[in-house]
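Per TrEMBL, Zn(2+) 1 binding site is recorded for Cys432, Cys435, Cys472, Cys475. Summarising the annotation, TrEMBL assigns Zn(2+) 2 binding site to Cys441, Cys444, Cys459, Cys462. What TrEMBL lists as domain 'Helicase ATP-binding' is 205-372.
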Amino acid sequence: MDGKDLVQVVVDLPLPGTFSYLTQSPVMGGARVCVPFGNRRVCGVVVAPIPGEGVSQIDAAKLRCIETVLDGLPPLPEEFLALVDFAAGYYHHPLGPTLFTALPTGLREPRDVRRVDQRPFALTAAGLAEAPPARQRARLALWQALQDGPLRLEQAKAVTPQAGKLLADWLAEDKAERITPERPPLVLGEAPALNAEQRAALDALCSSQGFQPWLLHGVTGSGKTEVYLQLIAGHLAARRQVLVLVPEINLTPQLINRFLERFPGSRIVVQHSHLAEGERMHGWLDAWHGDADVVIGTRLSVFTPLPRLGLIVVDEEHDGSFKQQDGLRYHARDLAVWRARRAGISIVLGSATPCLETVANVEAGRYRKLVLSQRAHGAARLPDVRLVDTRRRQLVEGLAEGVVEALKTRLARREMSLVFINRRGFAPVVACTACGWTSGCPHCSAKLVVHLLERKLRCHHCGWEEPVPRACPDCGDPDIKPLGEGTQRLEAALQRMLPEARVLRIDRDTTSRKDAWDEVYRKVNGGEVDILVGTQMLAKGHDFGTLSLVTVLGADGGLYSADFRASERLFSQLMQVAGRAGRAEAPGEVLVQTQWPDHPLYQALVAHDFDGYAASLLAERRQAGFPPSVFQALLRADSPELAQATAFLKQARALLEPLAEGVLISGPAPALMARLAQRERAQLVLEAVQRGALHRLLSQLQPLLDPLARQHGRSLRWSLDVDPQEL
Ligand code: ADP
Ligand code: ZN
Ligand code: ZN
């Protein structure tokens, strides 16, 4: 091929495999390139050939040349490529789309990017030796200014507007150079003295060597963040970089302020999807070039290259937002653990309510646990949790009298309350109010979901269907109904019953605007709010200062749900919202309205017994054969017609069954959210006790399913979800 090299390139298009291109001169792996593709020009990245993903047909006559090597930046670092490679393999997602998902959008375009070099200029010995002639006034002025010491470009431009051109010439002639200024020593803001538990945790973390995942299990307000900050200080003093993953963009402002106060001279880079494109990219580039000390960000920041990485912190590690729910369905916490292993460093997973996967990893000895059992601040205590039995009380529009009274008391005392309405996220199960019977599947350990319109109960695990019974099959009571009904009108009822209260509602809609949270905090801190009303969003780690009462409505819907994770999630959410109550002078109070006050979940909540309840949930999962005791993947399909999605999955199952050694395949069954954006969704559940067995099957999937999907035409889409968080 007339002395030209052949390289493999992945492109920014939703296509699997690599593509062969010719180059005039050798191009390094990781280089960004601009390549012709069809009648377009797209951005590509040069990679090693991938075994199994196939190489586009090499027909020498048809091979095309790389158009440009985008060399304003060095090739993407090996660390980044290795992580992307792992993610593509683990999630069985094509390498190209994985790689481009991991890049900031600014680097996905086929144009060159240059990093603004901020380093100051200084004269070299050669430059110093040769004074410009007096008639070149600008040149001489700049030369004289540089005699006094290095200048940054803006400073040089203040001497003469021609500085840019002059300095570029001098750099080329070796008369000037860029110098890296001495970094000032680390400056630390004021920090409180740690309590004994925090001290013990910090000591353990500081003496940790090599790869080690740690669970920092601390009750809400126990000072986990303070432990991170003091741990991070040590890494920054040693000039190492730190990656901090947080669940929500909304949480970052509070946290970033704490970081800025603690590390005033350090460069802290923020990474999340709401940043302006240029800002995100420049932060990413600074991190990659070692100029950022701390990267704080949401799940996508797990891909940020950090050459001096010394520590990873995942705050609120149980949070569902670490899992991406479309495209590359990665879990940032899990990728972060992989990254820590590869870098041979510690990773700290912090939570008041760690997820069961993490608890199981601690039990198995893979992760080490540190406990903070007390609130850190002054005399702050955990709140008193009380259950309000709604079976024996008069309800007015769904609200128990005791709850309304408690709200009125706080209102009179001018204290702020929070009303948590558990509304979304649980598929309804039918239950008998007389004996407690709930609808279980006769064929597997899942709960049946009620579909009221069709009057059907349906299993979303194995696909079983039956009619909704007219009366309880156990005791004959006709009063059976879906759990968690009736939360819709609670909010309106509140306003009617407490018309003088200033109510602030917090949900996806009211907080989607960019600065909505600033507004929430301003109102809350300014004493403009009596009652905060909200749904799941309030269960996140927000700090609203002095809440003395938290009331929980509609929680029962999560007790018996078709999603086996529902009780874990509900428990975690309730512990988290309960954690919003309480302050130094008086313990907070939490009131939970329920028809099932004896349920172990509520009993554990009253006793603040996370460990006990988590252990019982884990035992249940093991018995039922659910994760984390097995590994799952979902093969999802969606189409405008449910029949088509189901037919595709049936055929897929027939193809996979003979290969499924050590893997149990169930379904097709409709997804819990069966209809989304005008499309019907169904799935197969693939489960295995051995992770390896599952992945062996998954790696054979694509070549079998692509041709099958093509027979169904464009209306059918399929995708794979490894370690799914939602059924
Ligand atoms: P968490 O991250 O566990 O929710 P934080 O680190 O935010 O807890 O701490 C909760 C509150 O207690 C914060 O106001 C923090 O400043 C304070 N705090 C943390 N540690 C201490 C300590 N050792 N002494 C006094 N106050 C502390
Ligand atoms: Zn019954
Ligand atoms: Zn079933």
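Our numbering is plain: 1 for the first residue shown, then up by one each step along the chain.
Here the Cβ of each residue, glycine as well, is placed from N, Cα and C on the backbone.
The shown structure was predicted, so the numbers you read here are calculated from the model rather than taken from an experiment.
Residue pair Cys444 (Zn(2+) 2 binding site) / Cys472 (Zn(2+) 1 binding site) shows a Cα separation of 20 Å. Among the binding-site residues Cys441, Cys444, Cys459, Cys462, Cys475, the residues whose Cβ lies under 6 Å from any atom of ligand 2 are, in sequence order, Cys475.
Of all the Cβ atoms in the protein chains shown, 24 others lie within 10 Å of the Cβ of Cys459 (Zn(2+) 2 binding site).
Not one of the binding-site residues Cys432, Cys435, Cys472, Cys475 places a Cβ under 6 Å from an atom of ligand 3. A strand conformation is recorded for Cys459 (Zn(2+) 2 binding site) in the three-state DSSP classification. Of the recorded residues, Cys475 (Zn(2+) 1 binding site) and Cys441 (Zn(2+) 2 binding site) place their C-alpha atoms 18 Å from one another.
Cβ neighbour density within 10 Å is lowest for Cys475 among the binding-site residues Cys441, Cys444, Cys462, Cys475.
Summary for the binding-site residues Cys435, Cys472: the Cβ-based neighbour count within 10 Å is maximal at Cys472.
On the 0 to 100 pLDDT scale, the domain 'Helicase ATP-binding' (205-372) averages 94 in this prediction.
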